[in-house]
């Protein structure tokens, strides 16, 4: 045991050598002692090592081409949107790393600002799924919010802080991890200003929500009620910094294409001007020519648009794309239903004509890829009801007639085993 002094019984820290009089606290172990200063130092070292382990190293951050390739495995089509998202997400997390690791001392300090994303496109074309797949690849907390449920603070509905609460919950209340997550706000076109001119009456679910979202989109220290502000007004708040939270804001923006066409059509006036018909614009990406002035005319306020510098548009899915969605992705619907039938010991097969007929119905209903599952359920419902109760079915074949004419799928009976044939003959 380490002692110090003239015959005294002063104890020393076994690590730094300071006596018990030189420190606030000395903790004894089996034959060793440690002071409070050494404990603090150990804690600091451990925290630094844990922080380094949690941070995604720049070498490990997937490149834009790798992000796009990963998206290709799950999402069919939308190549322009994939490229835009891949670059935006890569630059966003590269910016976070630059802030955490510090900048190269040889370079002049440059502050990298955040670039949130605005996604435009019809319903059922993969906007939400693209964002979900991105979060899955990057292994970051991901939360989805519906803009139509939001209102200004003090009115019936959800506060914008509830969006941040969903992200914190997705991160298992790990605030540090939530601060580098992704928030997807859907139906943002529904909070457009009701008229182009500012109203004297309060628009609490439109322009008011846009105003409330400005700060968290830009980056602020927000106070989030852990159980919802409306029901528990006296609870303690969670502090979260949204500076490094990536916001992907999306909507169908029905009617925006007319605003774009009116503006683009005016350019076709005069000699030598390129004239584009409405049919030509409709067959291409509706929102490829979108400008901030179009979004302002639609009903978004300039400050809101300014915080969404990256614009990615998705297009209507054609028949070929819908057929590919049914069968090609890693978690394609056809593969899912084949697996469900396998669990009952039955093989399931779709003819090529059947897949095309399902795609035709989805286009006719105007539901895009989102409507494919509903059509599959309708087609397979009769056999999914009967199959579990039968043991004489080997295979179910879905044909074009099954989809178009509501004809039952073709059922291929199972051949009886040798023992079953013997029992039957007996």
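Cβ atoms here come from the backbone N, Cα and C positions, even for glycine.
According to DSSP, residue 38 (Zn(2+) binding site) sits within a helical segment. The C-beta environment of residue 38 (Zn(2+) binding site), restricted to residues of the same chain at least 6 apart in sequence and closer than 8 Å, consists of 13, 15, 16. Feature annotation from Swiss-Prot assigns Zn(2+) binding site to 13, 16, 35, 38.
The ATP binding site annotation in Swiss-Prot covers 122, 123, 124, 125, 126, 127, 128, 129, and the record cites sequence analysis as its basis. The local packing around residue 126 (ATP binding site), expressed as other Cβ atoms within 10 Å of its Cβ over all shown chains, amounts to 27.
Look at Swiss-Prot and you will find 1-54 tagged as domain 'ClpX-type ZB', backed by sequence analysis.
Least crowded of the binding-site residues (13, 16, 35, 125), judged by neighbouring Cβ atoms within 10 Å of its own Cβ: 16. Across the residues of the domain 'ClpX-type ZB' (1-54), the predicted structure has a mean pLDDT of 77. For the binding-site residues shown (122, 124), fewest C-beta neighbours within 10 angstroms: 122. Sequence-distant contacts of residue 127 (ATP binding site), defined by Cβ-Cβ distance under 8 angstroms and a gap of at least six in the same chain, are 119, 121, 186, 250, 314. Spacing of residue 125 (ATP binding site) relative to residue 35 (Zn(2+) binding site) is 62 Å (Cα to Cα, whole number).
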